[in-house]
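S.K.: Dumping what Swiss-Prot says about this protein:
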type: MOD_RES; residues: 2; note: N-acetylalanine
type: MOD_RES; residues: 11; note: N6-acetyllysine
type: MOD_RES; residues: 24; note: N6-acetyllysine
type: MOD_RES; residues: 35; note: N6-acetyllysine
type: MOD_RES; residues: 54; note: N6-acetyllysine
């Protein structure tokens with residue numbers, strides 16, 4: 001047991017250095033995209049979002065969504081899935097657990 005602990009202590013700095021070296025470029029890439037993608041909308045973008053929602057409601061009322069190409073339908077489905085998953089992640093964070101609320 002003592003030899004195992006000694007080997008672990010000897011290898012720890014090398015493992016930490018390898019982990020830091022491996023993760024630095026990936027962390028930089030993550031921060032780059034996080035700063036761009038996770039910013040709240042500006043006041044100038046809100047009217048465009050409202051127009052987009054009105055367009056979706058209008059297409060549902062008139063049935064024009066049936067004229068979408070397969071590519072557009074798949075992209076719309078992916079966006080809807082992303083929105084639902086972010087909602088679900090927020091619920092998990094709010095509940096502090098995957099299943100149920102603490103009562």
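Glycine residues also receive a Cβ, built from the backbone N, Cα and C atoms like all the rest.
Show me how these features fit into the structure around them.
M.R.: In the three-state DSSP classification, residue 2 (N-acetylalanine) falls within a helix. All protein chains shown were included, and the count of other CB atoms within 10 Å of the CB of residue 2 (N-acetylalanine) stands at 6.
Within the same chain, no residue at least 6 positions away from residue 11 (N6-acetyllysine) has a Cβ under 8 Å from its Cβ.
In the three-state DSSP reading, residue 24 (N6-acetyllysine) counts as helix. Counting Cβ atoms from all protein chains shown, residue 24 (N6-acetyllysine) has 10 others lying within 10 Å of its own Cβ.
In this structure, residue 35 (N6-acetyllysine) is part of a helix by DSSP.
In this view, residue 54 (N6-acetyllysine) is surrounded by 10 other Cβ atoms within 10 Å of its Cβ, with every protein chain counted.
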S.K.: Report the nearest neighbour of residue 35 (N6-acetyllysine) in space among the modified residues 2, 24, 54, comparing Cα positions.
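M.R.: With Cα distances computed to residue 35 (N6-acetyllysine), the winner among 2, 24, 54 is 24.
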S.K.: Given residue 2 (N-acetylalanine) and residue 24 (N6-acetyllysine), what distance in Å do their CA atoms have, once rounded to a whole number?
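M.R.: Rounded to the nearest whole number, the Cα-Cα distance is 33 Å.
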S.K.: What whole-number Å value do you get for the CA-CA distance of residue 24 (N6-acetyllysine) and residue 54 (N6-acetyllysine)?
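M.R.: Roughly 43 Å, rounded to the nearest whole number.
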